Amino acid sequence: MGTPGEGLGRCSHALIRGVPESLASGEGAAAGLPALDLAKAQREHGVLGGKLRQRLGLQLVELPPEELLPLGPLLGDTAVIQGDTALITRPWSPARRPEVDGIRKALQDLGLRIVEMGDENATLDGTDVLFTGREFFVGLSKWTNHRGAEIVADTFRDFAVSTVPVTSSSHLRGLCGMGGPRTVVAGSSEAAQKAVRAMAVLTDHPYASLTLPDDAAADCLFLRPGQPGLPPFLLHRGGGDLPNSQEALQKLSDVTLVPVSCSELEKAGAGLSSLCLVLSTRPHN
């Protein structure tokens, strides 16, 4: 999230949604997900919220868990936000589409301009969308199709929007992310490297790149705090989750590294960037 000339812009608010019991049993198990330690997942989620609020200084909006929406904590899939505009997505899975309702209301209450995806042929998961501060890349994956990418382009007309084939069972942001205002970080898998090569061909902007041993380590969040004078942060998976990638992350010397864990939530398909929505504008009150 950001504005032209400022890269990924200063952040003011973050949204998270609580972890329901149904994620660990019942509906979650019926969906083919592995068994979760609910208490551990909730602790991880609580620590993430605390880091966003206390360490990064964001105003945290905590939505309550919804038992009928076991994957509700993955709210990063439900919206694409840039500036004061929020595009409400249309998740590929029909079972997940009710998740957008609570997110829509929360973003409306924060004063954002809401754009809906009215085309029933379109599918879009928010974690297939990578905003670099200068342009958008939309991963074409199991979850996101060409029509979904076209709606991203129609919504954010001030920015170039390019599509990137995703050749694995991951979302685009499960393979690569922004490690700084001009640095793309990516995992070492062939799918991640293919995505980065495709992005390099499509862009007119020079980005540095950093390869990490673990694809999941590239699913990070580069954030500029709202308070002037503070350095930018990189919210990333900590060493307890992905120890092999920690040395490489230390090369990002122009950011303050803020580690968090989501190893238990990862069992439900959660990447770090799927667990929160960050606003880079000051919403109207």
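Here the Cβ of each residue, glycine as well, is placed from N, Cα and C on the backbone.
Pulled from TrEMBL, these are the features on record:
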ACT_SITE  His171  active site, proton donor
ACT_SITE  Cys276  active site, nucleophile
Expressed in Å to no decimal places, the gap between the Cα atoms of the residue listed as 'active site, nucleophile' and the residue listed as 'active site, proton donor' is 15
Cβ atoms other than its own within 10 Å of the Cβ of His171 (active site, proton donor), all chains, total 26
If you count the other CB atoms within 10 A of the CB of Cys276 (active site, nucleophile), including all protein chains displayed, you should get 24
